[in-house]
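The structure appears below as structure tokens.
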Amino acid sequence: MENSFAQSRPSNGCDKFEKMRKVAGVEPGELRSQLRASCAVVSPNLEGMPTQSAVSSLMVTISSNTNASVTCTISNVQANMICTPTYTDCTTVTTSICPTTPYDNGLPTPLSSLPNKPSKANCPFQAHDRTVNRKRKGVSQPPLPILTPSPSRKTKRQATMPLNEEASTSTAAALNNNRFALLSAEAENMEQDVSDADSDIEDSAARDGGGQSAKYSKPPAICVPSVSDPVTLERALNLSTGSSNYYIRISRFGVSRIYTANPDAFRTAVKELNKLNCQFWHHQLKEEKPYRVVLKGIHANVPSSQIEQAFSDHGYEVLNIYCPRKSDWKNIQVNEDDNEATKNFKTRQNLFYINLKQGPNVKESLKITRLGRYRVTVERATRRKELLQCQRCQIFGHSKNYCAQDPICGKCSGPHMTGFALCISDVCLCINCGGDHVSTDKSCPVRAEKAKKLKPRSRLPMTNNIATLKPPQRSSSGYIPAEALRTNISYADIARRNTTQSRARATVQAEVIPTSDNSLNNKFMTLDNSIRAINTRMDELFKLIHETVEANKAFRELVQVLITRIPK
């Protein structure tokens, strides 16, 4: 009997009975006692009798040679997950071991560990399908009819196994006397609740963007200049971000550019470089950049707190509000102090630049037409087209907010921040070109070269000039319209008429050309007179400047004489 049992029973039979026991949803001891009691009611002398265990796609039936039968109902889908085609094995039923009882009395594992159930570790980019295995809770479902799809139809569902007719007959007969039907219903409800909970958790994570399936932009490069020991840099990045989350490229200027795989690796690399006191610079992440809009149609003296509250009522978080100023020479305000007088000719404009926090619906803020009692217009702020220069290290291409290099003065190129209070030198020295001007001077040759590269290229489509060329049009002055078609005209009349028309055309051209020449001459004469008047005014201006310089020199000499004569 032992040999026949070893040959007829599959190697994974214990695992299958273990899974069927877990579907029942009860402890091993309770299930054993119930099965033992059911067997004892029908026949108390079942010990040592050979039994036959049949596993169908809908229920598990344990029957002996007598009339005693015990049936454990499971769902159709669970049977498809657990069972293979029906097999029969012979064993011995005793009062201590049941065929559906595992060899170990371990605690039941969660239902998420059953086969054919999606796992978060295996499928991190997919959520559970809520439409699968949806049943009414608390009601045991009857066997579903088998629907065979057509060969031409493409389906992703798993093919169901055909049911055995004999097993279906025995199942229908055993439904009336089944003592474990409630266990089957409770197991189905338990599995459905766990599946719904997992689906809700994954759906909420996907909506929040906190899972791995959330989309993110490509992080910018981290620029590290003057790297003398690249091995140490790689070792530090490997320990902090991981060797597979970054790569390095060297530019033609010798700057090491570190490209990371995701924003988390980017932030980790920046923190590590800051710990090492490394000099570097980078740009802001796209997810952290504010959404900048322009608010028009609102009074300039409206408090910023009121505007912030109005945007908060619409569901947007305001990060910063800025009201620009413009020059107003008509309304000059003079503020006189003890030793100096300053002129304030800038007034606030009736518009605000507002930085909003990034969000999924932040673009909907452009549809706002009313803030409080004001009828407003919200537009996307235009991007600044001028060349960006760092006010910390004076290098072009990044800002001081994301620069970790040593400060350099924009006036004397000293090792300090730009400021006349800290700068003791009177000589200007540009750090970029070495010229005698400040680093922010518009005439810097390095700045001019960088600005040329920023000019946008023409986006007009390339057209074929030969195909777009138009034929030359005749002047309207020499054009004579054709006459209506007439009959009974000889060839001599036509030739005579053509000769007359050519003579008339030559006469008209001779009369028109002198007129055009006279008009051009008059225009040139007017332009020449204007240029002469401008030259005269420029000469007068130069003389006035020269006299002013001479007077300034005389004034300085007079001051020096007065200083020398002052008694000490």
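Using N, Cα and C of the backbone, Cβ positions are placed for all residues, glycine too.
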Of 292-305, 306-319, 390-403, 544-557, the range Swiss-Prot labels zinc finger: 390-403
Zinc finger range according to Swiss-Prot, out of 25-39, 430-444, 505-519: 430-444
For the zinc finger (403-423), sequence-distant contacts whose Cβ falls under 8 Å of one of its Cβ atoms, 6 or more beyond its ends: 273-274, 278-281, 390-395, 429-431, 438-440
Overall pLDDT for the region 'Three zinc-finger-like regions' (390-444), taken as the rounded mean: 88
